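For reference, the structure discussed in these notes is given below.
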Amino acid sequence: MSLYHEAAEFLVSSSSGGGSLKSRVFKKKNLKSPPNQLYALVLESCKWSPVIKEVIEKSDLLKLERKLTPPLSLLLVHDLLLAKKGIALPQSHGLRASVERHRGRLTSELTRARLRRKAASIAELKEQIDKESAGEEANYPRWVRVNAVKSSLEAQLETTFSTFTRASSVQDVINKPGKHLFIDPHVPNLLAITSGTDLTKTEAYTSGKIILQDKASCFPAYLLDPRSEDGDLIDACAAPGNKTTHLAAILKEHQPEFETSPQTIYAFEKDSRRAQTLEKMVTTAGSKPTTRIGFGQDFLQVDPHAERYKSVGALLLDPSCSGSGIVGRDSMPELHLPELSSTTEKETAGKMSKRKRKHVEVEAEPLNVMVDDDGNETVMKSDQDLEARLEALSAFQLTLLTHAFRFPSATKITYSTCSVHMQENERVVMRALQSDIAKERNWRIMLRKDQVTGMKEWPVRGLTSACGDDGDIADACIRSYKDDGQGVMGFFVAGFMRIGARDAGSGDDDEGPYLRDDDGAIMRDVLGMPVLKSTGIPVSLNARDEVGSEGEKQENHDEEDEEDEEDEEDDNSSSDNSAAEIATDARYQQEVGVLSIIEDEWQGCGD
Ligand SMILES: C[S@@+](CC[C@H](N)C(=O)[O-])C[C@H]1O[C@@H](n2cnc3c(N)ncnc32)[C@H](O)[C@@H]1O
């Protein structure tokens with residue numbers, strides 16, 4: 001089957017709803033054409049369909065070429081008139097010939113269609129088309145996090161964004177013509193820039209100085225606020241690594257002047273293929289020295305009491321979820337198919353049913369398909385189906401969260417989803433707080449007053465009704481909705497704290513290397529230096545470069561890494577490698593920008 005026949009199937013089935021085009025193309029088994037090429041062809045043809053429909057109808061192409069169906073004609077004319085390399089079929093191929101022999105007529109009709117739209121050139125027409133077809137993504141800026149491990153906001157404003165005009169609000173960035181930027185008032189080192197700006201080819205992007213990450217997706221690491229006294233960190237569900245690299249950047253910014261024990265971020269990822277992307281991202285972002293990746297490692301199989309994790313003071317938990325908050329998940333421009341005159345329509349329909357049915361068969365689409373953020377599709381035939389799916393996700397999320405509660409030295413946790421369903425959010429929080437392990441270890445919600453400034457000030461909070469009418473817990477929960485005017489994706493995050501807790505049974509060494517007072521706060525001397533448990537004296541005031549060269553330290557850490565990687569390989573020998581195709585994970589693709597072929601279209605949330 002040719003590229004065009006396969007594309008025609010997707011084109012027609014895309015208009016009948018259910019699942020995103022991206023997940024349908026990349027999940028389809030036994031495709032003959034390269035998925036990237038297929039996806040780009042269907043998406044582009046759909047975007048251009050209002051114009052091409054006019055061109056085909058006015059040139060009478062379907063009357064003159066009775067073998068062509070409307071979807072096939074749309075795809076072929078798109079490639080003839082707009083693709084750089086023209087129609088991707090051999091010159092002698094019948095389909096190609098049936099369109100190419102009308103090149104003159106079709107080209108003149110395209111010029112007329114362009115002039116009717118008052119576009120001076122095809123490039124100008126393309127701009128119009130891109131804007132009209134941007135769907136809900138047109139209402140969002142492109143969020144860019146400056147990676148403090150490799151650069152600074154100031155440096156990026158002077159280089160990558162030097163030609164951007166400062167806007168006074170996110171709404172101005174969205175609405176004003178031209179290239180604008182706005183420095184986010186809540187999350188440090190975050191910028192909103194005009195959407196549609198392709199940064200993927202800039203030096204800053206390719207070298208990891210900037211990371212495309214939705215604002216809401218920056219909340220969990222920022223809320224966790226890891227500091228040197230928190231010891232080691234865990235990112236329990238880490239790929240593709242936006243939050244892991246954000247944690248590393250925050251650690252770098254919080255690094256004290258004086259010498260402290262090096263901190264490690266343990267980043268676990270159950271899916272081995274995604275773990276490889278995680279590694280790439282961590283490497284590009286310059287966070288490799290501080291990060292140890294658990295390739296294919298299920299967080300639930302990690303023993304909280306293992307020696308290696310005894311200094312883990314803070315955990316970030318961002319598990320798989322329904323992905324209902326993702327922007328542009330199902331966005332597919334409206335399809336405009338050329339129409340046949342009524343007599344031709346009947347004839348062609350008859351022919352199609354006999355001859356072409358095997359090519360242009362439209363797959364029966366389920367009523368509604370939920371594509372979660374791991375790319376798994378679940379058919380939803382009723383509200384009960386949706387409720388059952390959410391309940392299953394909620395139970396899995398709760399298990400992960402209560403597992404995180406078990407780490408003996410942990411005093412801070414953030415839990416997040418990109419879902420807007422309370423079942424995956426407030427309900428998980430409430431159940432976690434009521435769990436035996438939470439009570440046993442004195443975990444409580446991180447109240448709004450205890451949160452970092454930007455999160456305290458963020459206006460959109462949890463649902464009181466879903467928190468048993470407890471206003472304080474609802475206020476502690478942080479939410480965002482796609483349509484709340486803040487220009488961010490739908491998201492949820494809550495923090496948990498364990499202050500003043502004593503961990504029965506795990507000895508004195510369960511809360512990191514420093515002495516703590518009765519409230520759990522780290523004890524410091526007059527200069528603010530934390531006092532070490534081991535010596536009873538404050539840590540040394542030696543500047544970092546007086547203690548030994550960074551090179552030496554790095555080398556030691558690397559050796560340790562190698563040993564640990566070997567251990568981890570052993571740990572993971574039984575890991576599950578049968579994960580869904582990376583390319584089918586919508587959120588995942590948005591996060592990493594995997595589809596370089598359609599980078600121009602890439603408007604993902606970057607989460
Ligand atoms: C929502 S994504 C994480 C996104 C990531 N935090 C980021 O910001 O880039 C969830 C990830 O958790 C992984 N995952 C799911 N269950 C897991 C488990 N039990 N242990 C480790 N990873 C898990 C999934 O494979 C998926 O890659």
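Cβ atoms are placed via backbone N, Cα and C, with glycine included.
In the record from TrEMBL, residues Cys237, Ala238, Ala239, Pro240, Gly241, Asn242, Lys243, Glu269, Asp298 bind S-adenosyl-L-methionine; the candidate from Asp198, Asp214, Asp318 listed for the same site is Asp318.
The two recorded residues Asp298 (S-adenosyl-L-methionine binding site) and Cys418 (active site, nucleophile) have their Cα atoms spaced 20 Å from each other. For the pair Cys237 (S-adenosyl-L-methionine binding site) and Cys418 (active site, nucleophile), the C-alpha distance works out to 13 angstrom. DSSP assigns Lys243 (S-adenosyl-L-methionine binding site) to a helix in the three-state reduction. Proximity of Gly241 (S-adenosyl-L-methionine binding site) to non-local residues of its own chain (separation of 6 or more, Cβ distance below 8 Å) is seen for Ala267, Thr277, Leu278, Met281, Val282, Ala285, given in sequence order.
For Lys243 (S-adenosyl-L-methionine binding site), the same-chain residues 6+ apart in sequence whose C-beta sits under 8 angstroms from its C-beta are Ser217, Pro220, Ala221, Asp235, Leu316, Asp318. Each of the recorded positions Cys237, Ala239, Cys418 was scored by the number of other CB atoms within 10 A of its CB, and the lowest score belongs to Cys237.
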